[in-house]
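These notes concern the structure reproduced below.
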Amino acid sequence: MNPNQKIITIGVVNTTLSTIALLIGVGNLIFNTVIHEKIGDHQTVVYPTITAPVVPNCSDTIITYNNTVINNITTTIITEAERHFKPSLPLCPFRGFFPFHKDNAIRLGENKDVIVTREPYVSCDNDNCWSFALAQGALLGTKHSNGTIKDRTPYRSLIRFPIGTAPVLGNYKEICVAWSSSSCFDGKEWMHVCMTGNDNDASAQIIYAGKMTDSIKSWRRDILRTQESECQCIDGTCVVAVTDGPAANSADHRVYWIREGKVIKYENVPKTKIQHLEECSCYVDTDVYCVCRDNWKGSNRPWMRINNETILETGYVCSKFHSDTPRPADPSTVSCDSPSNVNGGPGVKGFGFKTGDDVWLGRTVSTNGRSGFEIIKVTEGWINSPNHAKSVTQTLVSNNDWSGYSGSFIVENNGCFQPCFYIELIRGRTNKNDDVSWTSNSIVTFCGLDNEPGSGNWPDGSNIGFMPK
């Protein structure tokens, strides 16, 4: 480096250091100004007082400083908005049903990342709606998924995941060990009823606010089971329908009232009308209504009306257009107080909504298999009337496509409960031509609005040939 370059380099370094020093000085000045202003806002300074000397012949002056600093500390407490128990509300008016969510779980499972499930349902809290399902402890197309056609194994558990999403590793929460379940939100906390154990000695564990709070033991020792859809809560008391006993003979049916996770009472469902009842789909329309499955004698569906104290009414949906599967061709018998005794068993989980004397019924399009899905409105179908007529038919899944269970759920919306339902779209070993070792499902959901709906077809849509075996 020649002398000129050295001089230039030294000059540049000197200028840089000077600039840094200047910036530090300016920053220090600003900092001190701000600090003094804050101290001025928050302290009271008593200026020095001069005290005369105590010792004679001494020229010293004693200066006493009395500094008092007052710090004003403001504490802000953020409290969560107080939650209230869900009230009793009527159903919102509706004229048809509109697509809400579709999870496409089987199509998305082509790469084996999707959890094998069945018996799905939907339930909502104050903020979100959630999908629930009974998982099989296996991923689609893996070796552990072979044989997942079985209903009850110790590997099944109730899981929850965001509605409209497929159940994959990373987006689900395991709730409890269960091969039968029901869930509901009381306005403050979630409650889950989870059945598991040996067929002849099962128990139901009640989970409330994430803690196990109570249990129900099998009393008939014959597959204790519950709704496979949401229970319902009014003013903090939740109502759950439970069955124990044969699937195709006389069984025991109970309604349990549970508050904050504790059983407060139960009643036996009277057998004067209902011969068999399981897998109820319940909703609130001031009282709790449950539309259920008769797996023994009825292709018409049994129902109950319940409040927070007792079972108020029971019967069978009167409509001559039946909604279980299998069922006779339309029209069939009108039977309001007993099962139809026509194509009575086995059956499939389903739902209905009462609107005055009319009734909306979901059902498979096929009369003898789980394919297709439609919802019909039967004028005066809730009562014994000669005027039963299908005034509305919405075909939502064509008869060329597989369906399965269906059930109701409700969403609080502007002072009433919006009626909604889901359709389980089963794929796998239960279906002819589905040449795979597993059984699983996707779902599609619909909600009612007081508008005229359009039309469409919303099947599972997966090409089974693309799927892992």
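Note that Cβ sites are derived from N, Cα and C of the backbone, with glycine treated the same way.
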Swiss-Prot has Asp294, Gly298 binding Ca(2+). Which one of Asp285, Asp324, Asp330 is in the same site?
Asp324
From the set Asn14, Asn66, which residue is assigned the annotation N-linked glycosylation site by Swiss-Prot?
Asn66
Choosing among Cys231, Cys238, which residue does Swiss-Prot name as bonded to Cys233 by a disulfide?
Cys238
Disulfide-linked residue for Cys420, taking Swiss-Prot as the record, within Cys336, Cys447
Cys447
Based on what Swiss-Prot records, which one of Cys92, Cys124 is disulphide-bonded to Cys416?
Cys92
One of the disulfide-bonded residues Cys92, Cys282, Cys318, Cys420, Cys447 has its Cα closest to the Cα of Arg152 (substrate binding site), namely Cys282
Disulfide-bonded residues considered: Cys238, Cys292; fewest surrounding Cβ atoms within 10 Å belongs to Cys238
By Cα geometry, the one of the binding-site residues (Arg118, Glu279, Arg370) nearest Cys238 (disulfide bond) is Glu279
Near Arg293 (substrate binding site) (Cα-Cα within 10 Å), the disulfide-bonded residues in question, chosen from Cys92, Cys124, Cys231, Cys280, Cys318, Cys336, are Cys280
Residue among disulfide-bonded residues Cys184, Cys282, Cys416, Cys420, Cys447 with least C-beta crowding, 10 angstrom cut-off:
Cys416
